[in-house]
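The structure appears right after this line, and notes come after that.
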Amino acid sequence: MAALPPNPVPVAYQGGTPAVPVWLNKGDNAWQMISATLVGLQSVPGLVILYGSIVKKKWAVNSAFMALYAFAAVVLCWVIWGYKMSFGHKLLPFWGKAGPALGQKYLVNQALLPATTQFYDDGRVETAMVTPFYPMASMVWFQCVFAGITLVILAGSVLGRMSFKAWMAFVPLWLTFCYTVGAFSLWGGGFLFHWGVMDYSGGYVIHLSSGIAGFTAAYWVGPRSKKDRERFPPNNVLLMLAGAGLLWMGWAGFNGGDPYSANVDSSMAVLNTNICAATSLLVWTWLDVIFFKKPSVIGAVQGMITGLVSITPGAGLVQGWAAIVFGILSGSVPWFTMMIVHKRWSLLQHIDDTLGVFHTHAIAGI
């Protein structure tokens, strides 16, 4: 009897074992975990360093600790109830059913977003449920770091005066009653998802929501002292740039991981992200030089951030030349609202948004 031919697929790529089920795509899983790690690095240590160094020395530890605490608190809240409220079974058109994402049987099975199945009016399936080729554990962690950075971004509006104890209570409440609503509505299978609204990587879910929430929180918390509002220099410019650099490079995971796959879309998203950020930084700096006769390193960082934010909702949906257009707009429109409109509109002057999150995230996100 002739011997069976050897399996042409290398052992490392064969599926069918408990650790490597047949549905697992190792490349997709590796990229998703790398992307999640890059996004996590944006918060810890990225924004921890940025916040701790961009404020006055007396507020450095408090500001850095607010970012660190927010990230840790979100991780725990996310796995206990937040993930399923954002990506689980539908409870309301804008909310999922709360529940833990901690059991081994749940986490090692293939990732799926149960509310994403799109039906025709007669009940037939139009588009199948979203089912990436990696375990639920990868999906839970990837979405967790997105939720975490949203709260950390929001913190930028209230640095320099918010009670830390109040912040400890605010984080889980806002995550539960605000973030999960946007995430489910747009990504998890809620009403906006089924309307066909496309927020590629968080222009609304993350940036517009954190910018508006930060602006609102700044109003209720109240302003810094008059002395601090008039002069609030960074205590360490070089560390500020280091934190900003981690934010920029980490954005590759932010936008590159959102196709839920290592595919051509993720490649385009990463390239577009960097094109837009670079263009926006340069435009913001040029405008500072043209109108204020000198460049500003903080302005350059703001321009970088607005570029990253503005390309986020469309990073994997537009061509490379469009990323330059996005960058020109994100380097000029938020610059105009921050440098011109803000100084002339009494409402914006009355509300003390410490780092201008309303301009860099809400305006750029819109």
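Using the three backbone atoms N, Cα and C, a Cβ is placed for every residue, glycine included.
Nobody curates TrEMBL annotations by hand; they come from automatic prediction.
Per TrEMBL, the feature domain 'Ammonium transporter AmtB-like' maps to 30-366. According to TrEMBL, the feature transmembrane segment maps to 30-52, 64-83, 139-159, 171-192, 204-222, 234-254, 266-285, 297-315, 321-341.
Highlighted: of the candidate stretches 30-52, 64-83, 139-159, 171-192, 204-222, 30-52 has the greatest count of Cβ pairs under 8 Å to the transmembrane segment (234-254). Sequence-distant contacts of the transmembrane segment (321-341) (same chain, six or more residues past either end, CB-CB distance under 8 Å): 271-273, 275-284, 287-288, 291, 299, 302-303, 306-307, 309-311, 314, 348, 356, 359-360, 363-364. Long-range Cβ contacts of the transmembrane segment (297-315) within its own chain (Cβ-Cβ under 8 Å, at least 6 residues beyond either end) map to 54, 198-204, 206-207, 234, 237, 240-241, 244, 247-248, 251, 254-255, 258, 268-270, 272-273, 275-285, 288, 322-323, 326-327, 329-331, 334-335, 338, 356, 359-361, 363-365. The transmembrane segment (30-52) shares more Cβ pairs under 8 Å with 139-159 than with any other stretch in the list 64-83, 139-159, 171-192, 204-222. Here the transmembrane segment (64-83) has Cβ contacts under 8 Å with residues 40, 43-44, 47-49, 51-52, 98-102, 140, 143-144, 147-149, 151-152, 155, 159, 162, 164, 167-168, 171-172, 175-176, 179-180 of the same chain, all six or more residues outside its ends. Averaged over the domain 'Ammonium transporter AmtB-like' (30-366), the predicted model has a pLDDT of 95.
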